[in-house]
Structure formats: C-alpha cells, structure tokens
C-alpha cells in the first residue's frame, strides 16, 4: 500500500503519466467535463471532498509551473481565491481567464478531478512543470 498522502489510484496514475505542460483540472461539483478530459470523480456530497483539501493533496505529487483560474473568482469567491493562492505559493505563475474560457480550456486537460465543492468558481487548471 502507498504511504504517501495521495491514495486515490486514478489521480495518482494520471499524475504519474503527465509530462511537462500537460494540464490537470480540479473542479467544483458543477464544472462540466467534456472533450478528451478523463473524469476522475471524487464527489460524494456537497463539500466532500472539499476543493482546498483536494488541491493540497494533488500538490504533494504534481510539480506545477502555472495555474489558471476564472477571473470571476475575484468578485464571487475572494476567500476561495485567497486559499488557492496560498496553496500554490509564490513560485507558481497564476493566470486569470473568463470562466467560459476556463471551461473550454479544461476540455483539453488530461483529466478533470471533480470534487464535492459547492463554492462558485472553485476551479483551477494546473500546468505541469518539471522538478529540475
């Protein structure tokens, strides 16, 4: 059995398969999952698992060079935005795009991890970096 933090086999496997600049989307329970993106559905009920705990766990294994957020999060969910930025740290570049653009961009992610989060615009596209 794995002894690292991330135990979900689907998420672990997807991260292991990712290369530089591949993307992984973590979304709230309402984000549509379309296109080529594989659905990794973790949602059990509203709030479980939460977006932040899912992001924190994914960040233990995925090297991230850039994160893409919806512009609308600034006005609609500033507390969530602050928590996301705290998780990402200062070394990760952050880009803001309109929510409709983020939804379209998520279609080309390797996968979309669906959480039970029900906070507006709690979605992020993580761009894989390299650990060297």
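Quick reminder: no glycine exception, Cβ is built from N, Cα and C everywhere.
Unlike curated records, TrEMBL annotations are generated automatically.
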- Note on the structure: substrate binding in TrEMBL involves 99, 121, 122, 123; of 22, 28, the partner in that site is 28
- Query: In angstrom units, rounded to an integer, how far apart are the Cα atoms of residue 99 (substrate binding site) and residue 20 (active site, proton donor)?
  - Reply: 24
- In whole Å, how far is residue 20 (active site, proton donor) from residue 121 (substrate binding site) when you measure between their Cα atoms? 26
- Note on the structure: Checking the recorded positions 20, 99, 122, 123 for other Cβ atoms within 10 Å of each Cβ, the smallest tally belongs to 20
- Task: Looking at substrate and its recorded binding residues 28, 99, 121, 122, 123, figure out the farthest C-alpha pair and report it in angstrom, whole number.
- Result: 13
